[in-house]
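Engineer: Sharing a structure here in structure tokens format.
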Amino acid sequence: MFSKSLEALHHVKRYRKRELFDPLLKDYASNDYLGLSVKKDLLQNAFDKLQSFDCHSPKASMLVNGYHPLHAELEERLADLLEFESALLVGSGFLGNLALIDTLLVKNALLFMDAHYHASGIFSTKIKPNQVIFFSHNDIKDLKQKLFNAPKNKLKFIAIEGVYSMDASIAPYDFYEIIQETPNAFLIVDEAHSFGTIGENLLGFLEYHRIKEKDKIIKLSTFSKALASYGACVLAPLQVIEFLTNRAKSVIYTTALSLLDTALTLAHLEYFIAQKQELKNELSKHQQIIFETLGVRTPTGFFTLEFENNPALLNAQYFLKEKGFLVGAIRPPTVSKPLLRVSLSLKNSLEDTKELANALLDYSKIQSSFKSG
């Protein structure tokens, strides 16, 4: 039925498969930036939290009887830590983007979305394509022009990522300035890859840019990257959260977030809050090694290296696997150019990162198709 499509994917080196990798490989492919996924004491803490309750399953939607004290505690902790009026748990970052875009785009609203926004957001715009306008990646001038051309009486949402998941670029402060000077405009910030990697206390894009006023900001924070768990949370003014609670299909018509994941997120969050300065210092040491060895600045939790074609990219990935390192090989159509995506993780030692950097340096000397992205 799909044989020709699959053959075509094989032909252009875009075929993908699930794979169980050798556990002895050093992991530089995942989004476990702070290395929390291997801390068994935190897993035990999460289990102990859950054991104290009679029920260990969410059972139903949050709007039936699936809302649990652990859910409420996590929402309160995040709202307090990130200084938002209210918070709402969702099942994943994908479901969070779906909730925001499907629900907030009421009849008189427009969405202006960065062209490099996460695939879950771009997919969600297909529900209401006539209300969506894309602007060039991190291009303030292009956004301003499109806002100028839009009807003045419309409610406007601007969707960006704090740190873009495929190129590691950080969204500029200018986006905040735009919503401050534009009537009826709100900023949606997907902080999946910025929370835990940037900011004075690793709290993400808003802290990085020292943004305090959040009455026109909607933040989507996921738990599956730096917090090494699963799920996500929307943080926003109370009225926005109430509206999402009452209208978002991916909140109303789905089972509440797993209680084990919620407990694990709480355990990891508590550790993060207590150790954030030490975690930041350790992450900066790994970043410094990459800069000193490869000349690549890494202000976030990962960096990318561009390749001319898919075979060259896969050859580089194989070369590194033979050296004992697992890195991400990101191919079109996910990205326009093949990218080696190298994630830093505190579960790896500084010596591991030094060895990886040297392996990349060795590869670059023998492969002309390699260049830093």
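Glycine residues also receive a Cβ, built from the backbone N, Cα and C atoms like all the rest.
Just lifted these from Swiss-Prot, have a look:
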BINDING   Arg16, His118, Thr334  substrate binding site
BINDING   Gly93, Phe94, Ser165, Asp190, Glu191, Ala192, His193, Thr222, Phe223, Ser224, Lys225  pyridoxal 5'-phosphate binding site
MOD_RES   Lys225  N6-(pyridoxal phosphate)lysine
Engineer: Within 10 Å of His118 (substrate binding site) (Cα-Cα), which of the binding-site residues Ser165, Glu191, Phe223, Lys225?
Structural biologist: Ser165
Engineer: List the Cα distance (Å, whole number) between Phe223 (pyridoxal 5'-phosphate binding site) and Arg16 (substrate binding site).
Structural biologist: 25
Engineer: What number of additional C-beta atoms lies within 10 angstroms of the C-beta atom of Phe223 (pyridoxal 5'-phosphate binding site)?
Structural biologist: 27
Engineer: What other residues of the same chain, not counting Gly93, Phe94, Ser165, Asp190, Glu191, Ala192, His193, Thr222, Phe223, Ser224, Lys225, have a CB atom within 8 A of the CB centroid of the pyridoxal 5'-phosphate site?
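Structural biologist: Result: Asn31, His118, Phe195, Leu220, Ser221, Ala232.
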Engineer: Relative to the Cβ position of Gly93 (pyridoxal 5'-phosphate binding site), how many further Cβ atoms are located within 10 Å?
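Structural biologist: Counting Cβ neighbours of Gly93 (pyridoxal 5'-phosphate binding site) within 10 Å gives 25.
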Engineer: Whole-number answer please: how many Å between the C-alpha atoms of Gly93 (pyridoxal 5'-phosphate binding site) and Arg16 (substrate binding site)?
Structural biologist: 22
Engineer: What is the nearest of the binding-site residues Ser165, Glu191, Lys225 to Thr334 (substrate binding site), using the Cα of each?
Structural biologist: Ser165
Engineer: Taking only same-chain residues 6+ apart in sequence, whose CB is under 8 Å from that of His193 (pyridoxal 5'-phosphate binding site), what do you get?
Structural biologist: Asn31, Glu161, Gly162, Val163, Tyr164, Ser165, Ala168, Lys225, Thr300, Gly301, Phe302
Engineer: Measure from the Cβ of Arg16 (substrate binding site) and count the other Cβ atoms within 10 Å, all protein chains considered.
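Structural biologist: Here the count is 9.
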Engineer: Measure from the Cβ of Thr334 (substrate binding site) and count the other Cβ atoms within 10 Å, all protein chains considered.
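Structural biologist: Cβ-Cβ neighbours of Thr334 (substrate binding site) within 10 Å number 14.
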Engineer: Quick one: pull the CA-CA distance for Glu191 (pyridoxal 5'-phosphate binding site) versus Arg16 (substrate binding site), whole Å only.
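Structural biologist: Approximately 27 Å lies between the Cα of Glu191 (pyridoxal 5'-phosphate binding site) and that of Arg16 (substrate binding site).
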Engineer: Where among the binding-site residues His118, Lys225 do you find the Cβ with the fewest other Cβ atoms within 10 Å?
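Structural biologist: Across His118, Lys225, these binding-site residues, the one with fewest Cβ atoms within 10 Å is His118.
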Engineer: Rounded to whole angstrom, what's the largest C-alpha distance between any two of Gly93, Phe94, Ser165, Asp190, Glu191, Ala192, His193, Thr222, Phe223, Ser224, Lys225, listed as binding pyridoxal 5'-phosphate?
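Structural biologist: Output for pyridoxal 5'-phosphate binders Gly93, Phe94, Ser165, Asp190, Glu191, Ala192, His193, Thr222, Phe223, Ser224, Lys225: max Cα distance 15 Å.
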Engineer: For Ser165, Glu191, listed as binding-site residues, tell me which one has the smallest number of other Cβ atoms within 10 Å.
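Structural biologist: With the binding-site residues Ser165, Glu191, fewest surrounding Cβ atoms within 10 Å: Ser165.
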